[in-house]
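Everything on this sheet refers to the single structure shown next.
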Amino acid sequence: MQVLPPSSTGGPSRLFIMRPVATTLLMVAILLAGIIGYRALPVSALPEVDYPTIQVVTLYPGASPDVMTSAVTAPLERQFGQMSGLKQMSSQSSGGASVITLQFQLTLPLDVAEQEVQAAINAATNLLPSDLPNPPVYSKVNPADPPIMTLAVTSTAMPMTQVEDMVETRVAQKISQISGVGLVTLSGGQRPAVRVKLNAQAIAALGLTSETVRTAITGANVNSAKGSLDGPSRAVTLSANDQMQSAEEYRQLIIAYQNGAPIRLGDVATVEQGAENSWLGAWANKEQAIVMNVQRQPGANIISTADSIRQMLPQLTESLPKSVKVTVLSDRTTNIRASVDDTQFELMMAIALVVMIIYLFLRNIPATIIPGVAVPLSLIGTFAVMVFLDFSINNLTLMALTIATGFVVDDAIVVIENISRYIEKGEKPLAAALKGAGEIGFTIISLTFSLIAVLIPLLFMGDIVGRLFREFAITLAVAILISAVVSLTLTPMMCARMLSQESLRKQNRFSRASEKMFDRIIAAYGRGLAKVLNHPWLTLSVALSTLLLSVLLWVFIPKGFFPVQDNGIIQGTLQAPQSSSFANMAQRQRQVADVILQDPAVQSLTSFVGVDGTNPSLNSARLQINLKPLDERDDRVQKVIARLQTAVDKVPGVDLFLQPTQDLTIDTQVSRTQYQFTLQATSLDALSTWVPQLMEKLQQLPQLSDVSSDWQDKGLVAYVNVDRDSASRLGISMADVDNALYNAFGQRLISTIYTQANQYRVVLEHNTENTPGLAALDTIRLTSSDGGVVPLSSIAKIEQRFAPLSINHLDQFPVTTISFNVPDNYSLGDAVQAIMDTEKTLNLPVDITTQFQGSTLAFQSALGSTVWLIVAAVVAMYIVLGILYESFIHPITILSTLPTAGVGALLALLIAGSELDVIAIIGIILLIGIVKKNAIMMIDFALAAEREQGMSPREAIYQACLLRFRPILMTTLAALLGALPLMLSTGVGAELRRPLGIGMVGGLIVSQVLTLFTTPVIYLLFDRLALWTKSRFARHEEEA
């Protein structure tokens, strides 16, 4: 046992050096807490940053977009607009459907938003149409968020109506009950119903009208309370055969008598079991199917939700007939898991590379083991804190830990290198550990808190980008803090027990060769540094030129928002001429599906035609293209999209818009392309004037591609122009006309069949097979006040007009959305600037407002705050360094290293062809924290040499640079190798990680080369400035 004199120091490390058992057990506790925390952490693609979003859907079959807007959407919007915490309200009113999406502030709990929405719907109930089949239905889901899982249900033996009924009652309800599921939608529209197709000629010949038939059916099928009898000894409940359950029963229904003979419904109509809406259809690949899309609630854990669904599926499918097949077509968690696995592999690779570089420099196994223990201990211990903060294992937190690998080893290296230096001088290991740890303690604290200071501004970033990177910043900060603790406790304790003069002097051939190599490098550096110190102004001009170059590169580098990921799923919109019918669109969709399924990268395809909560019009179709796993296809998603669009261009009469699904979804509506730009006006007429003009100009811009608009005002309308005087004379009201038209052509839901498991509708319509098109209007008959039958054509003229296929609102005002993509040779920043320049040339009137939406709006917000974010990081670090050094000047010397990092990062991004996006910006901010450590280590030792050894500033900084060259080089290479796996990543999610790695590797290389020479020069210049300032003050005091 080594006996130390009472004067031996050690600073905060002394207690831990002297108590190895307690220190070891403390570290074991940290390790166990981290392991337990890791097992408890959920897995997700990104941190949960969803806006609280609620979608309200109201279906009113047969209603035109104009009727849906005025009668359904507008009353609801007026009530929703009064809710507190509402960030944005958008709506889409199309034929028979109103979809309102409510996006709330990030700080508002989703449950509170749900209560407000329910209260608003209740308040608007009396303002909605009295014949609305169902009240508005809300769901806690973002419609723009792609489904976490898509399932297709098919059968070769059963009709789709039966399949849909079983899926709805046996499968969908159970999945909806799983925690985290926000909405389960069934696409395909094959819900069972009894369809009554009236023969217009038959009822006209009998002097009947469709209203007569409707009244007879609704009166014959009821399900209401009948009471009970309560006698002296027993009670009897009353029941009756008041319901009709099958199509056969409806055929036998007597609707009227003529000459004493009954007229049954089957005499004047075709009554059959069919689908509630015959203008809806879905396909899985080429087979008609019921497609089940499962969307998560905002904030729900996607992995655990998907796992729960998969665990329940076998049990659910067992309840279905054997002829029914359930297929999982897509599962987003597959790619999420693959991405997280790849990131974890890169983390392990970074740890291995860092340990390797430590051994290369220390050339000693015991000395390598010490940081080899410190690195995983610091990283694993971080998991325990992540659990308490409700974080998850996701790409960003794992990226933070990967980058932290290079950071956390720095502290251990600095401590080991300093203690080893004293052991090599002949001191006992315990004494060397106490002396070296005590001497280096302030440096460790400076490195730690100045690095954490850089991360502080990230915590104050607003909106969704700030939420996104909060987990990243805190995870990295926690790892750095734990590393500092380990370096001041475990590392010096292990050095005192594991290092010795013999172990450090023991050399093999590799050790001797590498030692000579390092000696030659240090000698060459010393000669170069001496020359540089003799030309300070030239060196200063180089430093200033890097600052100017970094500003120029910042201005001219292409800028983006968030890397476009390859998640293996493509969302598509198929657009046909505005007058296309359901049958025509279904045929076009099948043609396109045939082309898409021939592509070698495509694994499966689901498609949907019809109007519902996601598809606004009959002339459009929704597609979801599921690609093969990344390792089973040759091309990334962007190349696949380009190939598919080229192939589909050969299909006449359709336009295909494709975009890859992303883990980060900011939009609130399903769009055709990745980016959106809106025009908002006080009237539809203003939009009809200016949208075509702007579209024409935008489509000519090379910075944009796939430019399209949701403005469709050429939908065919048969306008029934009623002569009100003639109608009034015959006792026919406008309500009679609307009812007659609705009965004939609205797929009107006139009655409900109640069963124990579900409810089914009775649908009334005219059989138009023999009278297609506008000729069907000639068959409409109305009843006059004297009981006669009057043809509609006798009181009305039919005019063919055009009208919008859908009417969109943003915050209650008409709006149109222009969607666009960005070509490969341009950036989002280029596109945004081109749109803004084009808008200025149009001189839009004051009642037209424009705004970017979704990720484009977030890009503008992030770009505007980026400069201030970097300034805040620099200021925060200056304040921390100024406090630690009790100096106004030394922090400036340290911060002078920053421009070199910026130049290196921006040059690397340019060379790699990467955009300056939010991921790359985070890398630059981290570089601010990394590169200043070189200056800190130099200045700490220079100040100590001046103070304790009486050296001149020049000699002190020169010796400090030579003395700290090896740990500086070692820590820089460790940080570089920690970022290298991210830069070289090629697996799933590599697009997200690569910009961070590229920027950091480039910044570290350039800064390492330059700061070794510029920092000493700037240190001496500021020293001279301080002396000159002191002399001036002294002179003024003497004169005073």
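Cβ coordinates come from backbone N, Cα and C, glycine included.
Pulled from Swiss-Prot, these are the features on record:
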TRANSMEM  15-37  transmembrane segment
TRANSMEM  345-362  transmembrane segment
TRANSMEM  367-389  transmembrane segment
TRANSMEM  396-418  transmembrane segment
TRANSMEM  438-460  transmembrane segment
TRANSMEM  472-494  transmembrane segment
TRANSMEM  535-557  transmembrane segment
TRANSMEM  867-889  transmembrane segment
TRANSMEM  909-931  transmembrane segment
TRANSMEM  968-990  transmembrane segment
TRANSMEM  1000-1022  transmembrane segment
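Listed stretches 15-37, 396-418, 472-494, 968-990 were compared with the transmembrane segment (345-362); the greatest number of C-beta pairs under 8 angstroms is found for 968-990. Here the transmembrane segment (968-990) sits against the transmembrane segment (396-418); at least 3 CB pairs are under 8 Å, leaving out pairs fewer than 6 apart in sequence. Ranking 438-460, 535-557, 867-889, 909-931, 1000-1022 by CB pairs under 8 A with the transmembrane segment (396-418) puts 438-460 at the top.
The transmembrane segment (535-557) makes no contact with the transmembrane segment (367-389), as judged by fewer than three Cβ pairs under 8 Å among residues 6 or more apart in sequence. Counted over residue pairs separated by six or more positions, the transmembrane segment (867-889) shares fewer than 3 Cβ pairs under 8 angstroms with the transmembrane segment (15-37), which leaves the two as not touching. By the Cβ criterion (distance under 8 Å, sequence gap of 6 or more), the transmembrane segment (909-931) is counted as touching the transmembrane segment (438-460), at least 3 such pairs being found.
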